[in-house]
């Protein structure tokens with residue numbers, strides 16, 4: 001099998017044997033377009049990490065006060081994700097994406113008056129607005145990339161797409177190191193740099209919104225895809241049963257909890273990276289920002305490496321190995337007090353790279369038509385970024401930066417347990433339970449026919 005065939009098997013949905021033209025939709029182009037969204041929120045998130053240290057210097061904030069930005073940014077996910085799921089269900093992927101992009105633009109432009117008047121609360125509100133838009137984008141993009149192909153390759157697809165998120169987080173600290181730390185240190189000048197940086201970001205996002213408005217982004221019927229895979233499994237005699245998981249399935253609930261803990265720790269490590277580099281490594285803030293960019297580069301490389309490994313090994317096993325690696329280097333980051341310890345954080349960023357996308361793919365496995373209800377539950381886990389940076393910042397302020405990094409050790413252990421055991425605890429819906437599911441638009445008889453048709457073909 002060549003490279004082209006490999007890509008086709010990963011990206012294209014299972015196609016019916018009747019050759020009907022309406023099913024022969026090529027999702028490669030819209031999938032590639034949706035992948036650009038991963039870069040956008042990666043870039044925004046990368047700027048947020050650097051803003052922590054910048055605002056502490058410019059506005060005289062404590063470490064804990066700087067994490068209010070994380071609370072606003074990631075708290076928006078908790079509020080907006082279920083709303084985004086309902087909007088997505090009602091108006092579809094393309095319109096929801098456009099709405100999210102326009103909220104992103106609005107929040108970015110609001111940085112201008114906030115910086116002009118030196119109002120920290122204004123920055124918090126602007127970040128909250130941006131995060132509401134990004135929450136909608138994450139619900140759409142993660143879901144779309146995961147479902148536009150076979151279940152087998154879902155972790156590979158989303159890890160490749162999430163790698164572009166890593167590219168955004170790699171570039172943004174470099175931009176921020178020159179934009180925020182490269183000028184003179186006067187308060188007004190520093191905030192002017194923030195103002196114009198975000199105005200530029202807003203203009204760029206508006207251009208992308210215009211491209212999406214002109215592009216064709218076809219909808220995807222998750223239930224029909226499950227039916228096609230069931231028919232194919234029956235005809236091939238693989239013995240595989242295609243069933244729909246319940247919205248109360250342990251693998252979904254535990255996945256959302258794990259995502260909450262892991263994402264919170266991922267955000268916390270990045271937000272405290274420059275503090276760690278400064279206090280333990282003795283690096284300047286500008287150099288700390290560059291090292292953070294190096295760490296984000298390793299984060300991006302880790303996702304490509306993980307996606308490649310998943311071609312030959314199960315996603316659960318690859319992620320478990322990465323979780324063990326992250327635990328080991330987190331322990332070293334706590335135990336070592338020399339400047340070399342800063343590089344342990346960079347290695348941690350490499351190992352944690354595939355955890356979010358793999359968690360998402362495993363937690364939403366087999367949801368079928370319940371997908372647009374289940375995916376927002378997992379995306380709500382991103383709101384962990386509102387809690388864990390504050391917890392680690394409190395440990396930093398009242399104890400030490402080393403004590404703060406005990407929390408990631410526990411989080412990576414929980415990640416290991418979920419991918420090895422928790423993700424396999426799937427509760428499937430019985431035929432006579434379909435009418436009790438939370439997605440009522442498909443009648444019981446119609447849904448049951450998915451499995452009856454497959455059984456008939458097998459017989």
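The backbone N, Cα and C atoms fix where each Cβ goes, glycine too.
Using a Cβ-Cβ cut-off under 8 Å and counting only residues 6 or more beyond its ends in the same chain, the transmembrane segment (25-48) has close neighbours at 7, 11-13, 69-70, 73, 93, 97, 104, 127, 130, 134, 137-138, 140-141, 144-145, 148-149, 157, 160-173, 175-176, 197-198, 201, 205, 208, 211-212, 215-218, 220, 267, 270-271, 293, 296. The transmembrane segment feature in TrEMBL is assigned to 25-48 (among others).
As annotated by TrEMBL, domain 'Major facilitator superfamily (MFS) profile' applies to 30-434. Confidence over the domain 'Major facilitator superfamily (MFS) profile' (30-434), given as mean pLDDT on the 0 to 100 scale, stands at 84.
What TrEMBL records for 68-88 (among others) is transmembrane segment.
Per TrEMBL, the feature transmembrane segment maps to 97-114 (among others). Among residues of the same chain six or more beyond the transmembrane segment (97-114), those with a C-beta under 8 A of the stretch's C-beta atoms are 34, 37, 40, 44, 84, 87, 91, 122-123, 125-137, 140-141, 194-195, 198-199, 201-202, 205-206, 208-209, 212-213, 217.
Summarising the annotation, TrEMBL assigns transmembrane segment to 120-137 (among others).
The transmembrane segment annotation in TrEMBL covers 158-181 (among others). Within its own chain, the transmembrane segment (158-181) has Cβ neighbours under 8 Å at 31, 34-36, 38-47, 49-51, 54, 141-142, 145-146, 190, 193-194, 196-197, 270, 285-286, 289-290, 292-293, 296-297, 299-304, 306-307, 310, 353-354, 356-358, 360-361, counting only residues six or more beyond its boundaries.
If you look up TrEMBL, you'll see 196-217 (among others) marked as transmembrane segment.
Per TrEMBL, the feature transmembrane segment maps to 252-274 (among others).
For 286-306 (among others), the entry in TrEMBL reads transmembrane segment.
The feature transmembrane segment is assigned by TrEMBL to 318-336 (among others).
Annotated transmembrane segment per TrEMBL: 342-362 (among others), in sequence order.
As annotated by TrEMBL, transmembrane segment applies to 374-395 (among others).
Per TrEMBL, the feature transmembrane segment maps to 401-421 (among others).
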The transmembrane segment (318-336): which same-chain residues, six or more beyond its ends, come within Cβ distance under 8 Å? 276, 302, 306, 309-310, 344-345, 347-348, 350-355, 358-359, 402-403, 405-406, 408-409, 412-413, 415-416, 419-420
Recorded stretch, among 196-217, 286-306, 342-362, maximising Cβ pairs under 8 Å relative to the transmembrane segment (252-274): 342-362
